[in-house]
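Have a look at the structure below, then the notes.
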């Protein structure tokens, strides 16, 4: 069938390098399509891009102490960079949602990477706190969060993966975790060797490497819009002309949802239970639809609590360890080593989620409950090894949550609205960052310790866990009463999870995008 290049779909006859072919044969992966060699290479490029792009942010604990030493600021003044970070997140969240909804990920990522690296390099000229807030705070972190929001890493993994979506999301996020292992100690050495301003210049140049790897983050060819000649194959008139009954969807009959091979016994027929494809919506309509979902507000509440825990860990742990009598160099080493636990959390928990051993909302409740309990215990640490053990456990849970939130968000709003939902989630949750500098100043500069701040942080996390437990109990009670309506609408992940997008073979090595039904009681009846 002609027009494969115009359609932008994957051509099964395309040749790949021999090393890709051998890799595909070794692991049983297809060369193209979902869960393929091409998909894993894209996830690797995404990880390397995040490795460089998030270098200053992953070193913020070192930067926080260095800013106080360089500019003679107290903790509240130094933490105003965090406030600028929060304000920039609001702006980037509002911008990133429509941008990611309108464009593919790659051009938006390139824009965010270039401007954020420029903000770090301009920090070389900062002579006071306000100029530092403008460069390192607004420019770098603001456009860096366009990178983080509109990649969206969750969107890239969901476009390239079906069976291994959660694990692929962990791989995409793993690059920034490896950066936590490398860059804090590197930044400490650079500041000791060259000074604060020269280190910012070097770091800005280093971030530009992320732009090179961002070039690989293309939208999958099999998800692009098909040309009219191929789309006509499934049109009403053409189906009647070819002797086929009208069928707006192709129902997979094989066991492997990610397979694009032809299945014997597959049939085209009317699908009375499947809704018509949704029409394209505007940015405003997408945003309004997102806020009409009740579960989205629980995700926002959880994300606010999670961000508070994450910022306390990434920004205050070094200063907290120094307050406990641990030398600064050993405190920086501790944060770098604990990032390995973060990496394990980002790669280990997705395996549990992909295998569906535990429901995702149950995992969310467990992660938040354990995280809150650890923060409550953290102030009672009095020696290096106890603090190292607890900080590693906190890092593991934070890494698990980073991967779990995008997947839960997709389950909540559906793939069609994920870009807008991610932007709105970031904007709403980041608006609470404006309260962080006064809180840090009150607890540390006024009360003299971070202990009560960590206890408050843990209490908020525990409260969100209790909210998820209530939702779980309500869902379980509702599922106990079986009805046809409960099968169609009250599934674990909501109506958005009843269908998923996948490439369907239409012959001659060509594929088109169609929405297919997930496994359920009704598919068994068919």
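Just so you know, glycine gets a Cβ as well, placed from its N, Cα and C.
What TrEMBL says about this one:
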- 40-68: transmembrane segment (TRANSMEM)
- 107-126: transmembrane segment (TRANSMEM)
- 132-154: transmembrane segment (TRANSMEM)
- 166-187: transmembrane segment (TRANSMEM)
- 199-217: transmembrane segment (TRANSMEM)
- 363-382: transmembrane segment (TRANSMEM)
- 388-410: transmembrane segment (TRANSMEM)
- 417-435: transmembrane segment (TRANSMEM)
- 447-471: transmembrane segment (TRANSMEM)
Long-range environment of the transmembrane segment (388-410) - Cβ separation under 8 angstroms, sequence gap at least 6: 152-154, 157-158, 165-166, 169-170, 173, 177, 299, 302-303, 306, 309-310, 313, 317, 334-335, 337-346, 348-350, 353, 360-361, 363-364, 367-368, 370-371, 374-375, 377-378, 381, 418, 421-422, 425, 496
Highest-contact recorded stretch vs the transmembrane segment (363-382), from 40-68, 417-435, 447-471, CB pairs under 8 Å: 447-471
Cβ contacts the transmembrane segment (166-187)/the transmembrane segment (40-68), at least three under 8 Å, sequence gap 6 or more: yes
